[in-house]
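Data first, discussion second: the structure below is written as structure tokens.
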Amino acid sequence: MEVSRKKIYNPNSTESVNERKIFGGNPTSMFDLNKIKYQWADHLWKTMLANTWFAEEVSMNDDKRDYLKLSAEEKIGYDRALAQLIFMDSLQANNLIDNINPFITSPEINLCLVRQAYEEALHSHAYAVMVESISANTEEIYDMWRNDMQLKSKNDYIAQVYMELAKNPTEENILKALFANQILEGIYFYSGFSYFYTLARSGKMLGSAQMIRFIQRDEVTHLILFQNMINALRNERADLFTPQLINEVIGMFKKAVEIEALWGDYITQGKILGLTSSLIEQYIQFLADSRLSKVGIAKVYGVQHPIKWVESFSSFNEQRSNFFEARVSNYAKGSVSFDDF
């Protein structure tokens, strides 16, 4: 069944708060935020606001020097990992505004999606700061998304589901796009972040890793947003969650794991200390299992987290000695975890 985009002006709507739907509703398009159906969205909105940050807060002064000292393999990995993130945030900013939000008919969720789009744009600015601060290959990095065939092949697959929704906006394609967002936010991004943390663990590119920490904190809320939309739809539209669709979703996750494991090998070239091929693959499998279980789908791989130290590098939830500087920093403001929702 094809779904229409919501009206931007709809004074004849009589839809009550309890009648609101994730998609397929009939909203007035007024943001009456004194009436909330999806309380988790209101909580998430406030958390996203509390997490506000700016790229200029992060010092990149030492990264230019560090970059020059990286091995050839480390530089290649840095450039490739950064090029991947640049593409994904660019795609996601456009996808949210043009492709997802027009079909979502809950105003409190619309607000979260608009905020997420802003954060994706902020991340694009952060990457520009990183590129301009440390790399002599500015144009090369920004063109890599279509000139590097390994990356382009991956990007073609990532964009496929979103392009299908744009061409054929059915209920099933909207739902599959929500799952695709979960894969993007919860597997592809997380895998990319781990490379920067690996360098930082060796005392290299600490400003870049700090920037990634801020970005990852945002991505946690993005992942939770789509996770909760999917779970809310299970209650509203259980008829959409057919065995056939669930099998398709599992297939999407398996393909994502396969693609990301190959990409991880391509980034590291088997020459980055702390990131072997088996560790990369197991980490990606662990991420896939975690994302599936959060939306009521059985785990596929049954593996343990193989690089738990990554969590300590990305955590904002405790006061501890900052690994970037010899001082104690409190990052409690805006802290968020899956347990909060």
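Here, residue 1 is simply the first one shown, and the rest follow in order.
Glycine residues also receive a Cβ, built from the backbone N, Cα and C atoms like all the rest.
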Query = Pick from Glu108, Glu120, Glu132, Glu281: which one does Swiss-Prot list with Glu185, Glu219, His222 for the same Fe cation 2 site?
reply = Glu120
Ask   = For the Fe cation 1 site that Swiss-Prot assigns to Glu120, His123, which of the candidates Asp66, Asp79, Asp89, Asp156 is also assigned?
value = Asp89
Note = Taking all protein chains shown into account, the Cβ-based neighbour count within 10 Å for Glu120 (Fe cation 1 binding site) is 23
Whole-number Å value for how far His222 (Fe cation 2 binding site) lies from His123 (Fe cation 1 binding site) (Cα to Cα) = 13
Remark   = Quick note, Asp89 (Fe cation 1 binding site) and Glu185 (Fe cation 2 binding site): C-alpha atoms separated, nearest Å, by 10
Task = Could you state the whole-number distance in Å separating the C-alpha atoms of Glu120 (Fe cation 1 binding site) and Tyr127 (active site)?
result = 11
